[in-house]
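For reference, the structure discussed in these notes is given below.
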Amino acid sequence: MECALLCLCALRAAGPGPPWGPAGLGRLAKALQLCCFCCASVAVALASDSGSSGGSGLNDDYVFVVPVEVDSGGSYISHDILHHRKRRSAHGASNSLHYRVSAFGQDLHLELKPSAILSSHFRVQVLGKDGASETREPEVPQCLYQGFIRNDSSSSVAVSTCAGLSGLIRTRDNEFLISPLPQLLAQEHNYSSPAGHHPHVLYKRTAEKRVRWYQDYPGSQRTYPGHSPSHTPPASQSQEPEYSHRRWQKRHFCGRRKKYAPKPPAEDAYLRFDEYGGTGRPRRSAGKSQNGLNVETLVVADAKMVEKHGKDDVTTYILTVMNMVSSLFKDGTIGSDINIVVVSLILLEEEPEGLLINHHADQSLNSFCQWQSALVGKNGKRHDHAILLTGFDICSWKNEPCDTLGFAPISGMCSKYRSCTINEDTGLGLAFTIAHESGHNFGMVHDGEGNPCRKAEGNIMSPTLTGNNGVFSWSSCSRQYLKKFLSTPQAGCLVDEPKQTGQYKYPDKLPGQIYDADMQCKWQFGAKAKLCSLGVMKDICKSLWCHRVGHRCETKFMPAAEGTACGLSMWCRQGQCVKLGELGPRPIHGQWSAWSKWSECSRTCGGGVKFQERHCSNPKPQYGGKYCPGSSRIYKLCNINPCPENSLDFRAQQCAEYNNKPFRGWLYRWKPYTKVEEEDRCKLYCKAENFEFFFAMSGKVKDGTPCSPHRNDVCIDGICELVGCDHELGSKAVSDACGVCKGDNSTCKFYKGLYLSQHKANEYYPVVTIPAGARSIEIQELQLSSSYLAVRSLSQKYYLTGGWSIDWPGDFTFAGTTFEYQRSFNRPERLYAPGPTNETLVFEILTQGKNPGIAWKYALPKVMNVTQPATKRYHHTWRTVQSDCSVTCGGGYISIKAICLRDQHTQVNSSFCSVRTKPATEPKICNAFSCPAYWLPGEWSACSKSCAGGQQSRKIRCVQKKPFQKEEAVLHSLCPVSTPTQVQVCNSHACPPEWSPSPWSQCSKTCGRGVRRREVLCKSPAAETLPESLCSSSPRPEAQEGCVLGRCPKNNRLQWIASAWSECSATCGLGVRKRELKCVEKTLQGKLITFPERRCRNIKKPSLELEEACNQRTCPVYSMAVASWYSSPWQQCTVTCGGGVQTRSVHCMQQGRPSSSCLLHQKPPVLRACNTNFCPAPEKKDDPSCVDFFSWCHLVPQHGVCNHKFYGKQCCRSCTRKS
């Protein structure tokens, strides 16, 4: 199982002792693991007046609007915006609704349709006292809608029209919430509207709490179904988030261990073998489904949750949250089409019998998973997934409030007992918790833990709940985990075609429009919390800062909800505070790049794997576009030739790679361990030789590793893929009893018999002698007995159970094949080998009592059966068969094939017919006449524009193919009248925003090297300035560069000076010595300082010789002309400190000439270390621009968020010191 923990520790800047930081996470176990979803909460002491309620800045986060219903053309219909399906029918057959909202200087045309989130059989069931059950038609679902904003196809809308408009509106880069205007808020602003109008408040997530405060204010008259949270989470006690798994009942912790370790709970009674295979549903592959995958979801709200929001309003609230969850799973970055379908909602007024819910998340989830496993619909069908929403402040390891947000089993989806999660109600952020926990149920683990994805990239599966500038998406690792899970049989429950959904809809507004920033703070920090009023309004789109009694502003580093107001006519969209209602580019759906070349084969023999891959980058999905459908890789087998006989098994090679790597401080010799569960066949399990333990050394074996010794199937990317006897991936071809691929046993002769003789105990007795070349050998006892099967050769060499020594069951390789020896306490003994054998074998029985009877059988190819007299002589003759012509015109060939027939009608192997009488099979010419002329189009030219609609053209030719010739151009009149298209429109999608640099400024210096700057803005095609995040897909042009207007006056102290001569290049005879010119400056003290040569480029170099000959002593002359090594002087060291290298040349010389007669072991060294003294530490110069802008910056490195865009820049000095 996996728990999602949100660390709520309020860290006071002036508090004593070091604050607790977000803890690290342990490893993930194989089946049931617990995952920690952690985020540090920073509390900063700010000067605040206790009476502050948010300040005037809140006006920038919300506006008052009056929505009106319009028709599809935008024409006014009515101010009455309360809609149910019955009402809609009056306007026509269309199910769509249209509203217009004017806000922030723009008209938003909302186009809505009934939401497909709910099943047509969706019902709300209320479980009351004494188990009383009430099932009713829900009032809310008839007014739930989803849709988009007209002229902004990257937008999404999810609203309820039950009592005005309430919900979420998402544009390209902003998120808004909308809800009916609370009366108290209207009174504060002295606002009133004409009779018949229904005023609403449109606000960002930053204003959610403020609007919500007015909605929940005692005595406040609400004009929409509100949610009045009475739950105040207790202050965090700096508790460590916990990470644990249950596979072997061991405990691990997220972060540092507490002073005491909680006792692990007892074994879960319900954690039994999963029953996802017994649902009766078709087990098609979910990963290869061409349609969307549907997660039929049961949602259960406990009594505290129902009490918190009210029985009448909780349904609307839950469906609003689930609608947000649905949109997160429809995000293009997930890479699959996942539909969340709510089939039932159960509201608990009291806990039913058998269900225990309290603060203890682990125990509560155990109880809930077991309880929901017994729930079955009236039609006998079960839900695929169950979600428990609780009003308890849950804790993963004790029955007290702490920092846990959710809990879920990893890879539990579709399991009867493990497809379930528990999630703590925290407001609209609950949607992210549900998506995160359900992601674990889909087999996803945290980013950055055992995978290459980074922890703090703002993805849904990040261990810390921190968005990428307020935007959450799915990482590439999450896509891979999901893809792997969907390829398993377990995911088959998701392939069900969804039944037509009913009339139930989701709220059609952004969450931040329905619930303002104050309400979001109240959900996160308690009923008395509200938005912090001290200058953090513009940053709430990245992190929502809240203020509660105690004069502290604090955050959980979670962004305000999409659509939360962040300023005057501004709202939060995708983590940016942007202009309200700003329209963005259309979604760009991802398209695949071209396939790459085939990779290298993973093996040199024995059947490896190679692949081609492509990337979803042509273009990549943007602005809400869909991820590319299909697979990013295709595989095929390669190098299928057998490996040499004595070569090491491929799996054994991989285990042997760990022989020289210490394992827990010791070296072992490893060999493969294959007695594992079927789903673990593609993991690398190795056993230490001479020790009784094995370990999973790798999560997956190398591609091309056989899944098991006796099958053709191979492992690819950790998944066992089917391979037929024809060595084709995905092939179901099998060999017959005689090893003929796709054979029908027609070439086999079968032998079988029964051995029933009784003998004296404790002796060996022959059962059957099977000759070499036998295949499909099977020897089996008829009943359980105390006797044992044995095998030996004709020369009395025992291969199995010889010398009265009983072998354990397993695989035994001898006689050219592998025998599978099965012996169980409740089944008779059995021996099986596919063959063929390369020697004659004698199968015996070592009697230990009565012989129950032994059945044996084997097969021999008929051509080998020379000892058996033929019962019938067959007549074999050749016959020719011919194919159709290879072409219909232009000259082709008919291929002719000779086949061997038995008695003129049965085709058999060609070896039965005589080669001497085989007829000729030369191909025949056919259809040797010219083809009709046709148009041959050329390649399309490049598009004239990359976006906004361009043109491309191509040339066409009229060609004709004559017999056995290439096509040649002919008159256009010979071709058909209609011609292929020669010009077409291309790249019709809207142009994305792009960087727009302004002209360069003047150079900062009048001479020498200076700097010039320019402003670089992100602009739309209409030259409107947009947030920089919208242009992040392309490199940002440089805003600063170096410049030189002219050379500065000369430095009179610079001059060229020649260095000293080097040593002579030869120790005897004629050599060469060199020197070089250096650019130096002479100081007042007379010292010379060397500069790069470019500093003296304006000074004329002196005319000096830099190389001259040098004569050393005469080389000795040897009478016997012995070859010797001669070395040059050592060159200058490569560095002055810290350890460098000196080199020299060494030559073998004989009588002054190069020679190869020197002894190699006497050759002097050509390289040596030099200047190994330590270098002095460089002086650090502080960057004057690297400063802290806030007094609480010292907390940022303590909580590990220096890589956060906002906190890293604003607290540069603290982060630099920490590093």
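The backbone N, Cα and C atoms fix where each Cβ goes, and this holds for glycine too.
When you check Swiss-Prot, the disulphide partner of CYS420 from the set CYS369, CYS395, CYS453 turns out to be CYS369.
Candidates considered were CYS601, CYS628; the recorded disulfide partner of CYS616 in Swiss-Prot is CYS628. Looking up CYS546 in Swiss-Prot gives a disulphide bond to a cysteine among CYS493, CYS521, CYS572, CYS577, identified as CYS521.
CYS577 is paired in Swiss-Prot with CYS566, the candidate among CYS566, CYS601 named as its disulfide partner. Residues near CYS420 (disulfide bond) in space but far in sequence (CB under 8 A, at least 6 apart, same chain), listed by position: LEU365, PHE368, CYS369, GLN372, HIS385, ALA386, ILE387, LEU388, ALA408, PRO409, GLY412, ASN441. Taking the Cα atom of each, CYS493 (disulfide bond) and CYS628 (disulfide bond) are about 24 angstrom apart.
CYS577 (disulfide bond) sits 6 Å from CYS541 (disulfide bond), counting Cα to Cα. For the recorded positions CYS414, CYS453, CYS477, CYS521, CYS572, ASN838, a Cα-Cα cutoff of 10 angstroms around HIS446 (Zn(2+) binding site) retains CYS453, CYS477.
Candidate disulfide-bonded residues: CYS395, CYS453, CYS553. Fewest other C-beta atoms within 10 angstroms, CYS453. If you take the CA of CYS541 (disulfide bond) and look 10 A around it, the recorded positions you hit from ASN190, HIS440, CYS453, CYS532, CYS566, ASN909 are CYS566.
Candidates ASN151, CYS546, CYS605, ASN745 (recorded positions) were compared with CYS638 (disulfide bond); those inside 10 Å Cα-Cα are CYS605. In this model, the domain 'TSP type-1 2' (931-990) carries an average pLDDT of 90. For the glycosylation sites ASN745, ASN909, the greatest number of Cβ atoms within 10 Å around a candidate Cβ is found at ASN909. Comparing Cα positions, CYS643 (disulfide bond) lies closest to CYS601 out of the disulfide-bonded residues CYS414, CYS521, CYS601, CYS616, CYS628. The recorded positions ASN151, CYS402, CYS566, CYS572 include none with a CA atom within 10 A of the CA of CYS521 (disulfide bond). Nearest by CA distance to CYS477 (disulfide bond), out of the recorded positions CYS395, HIS436, CYS601, ASN745, is HIS436.
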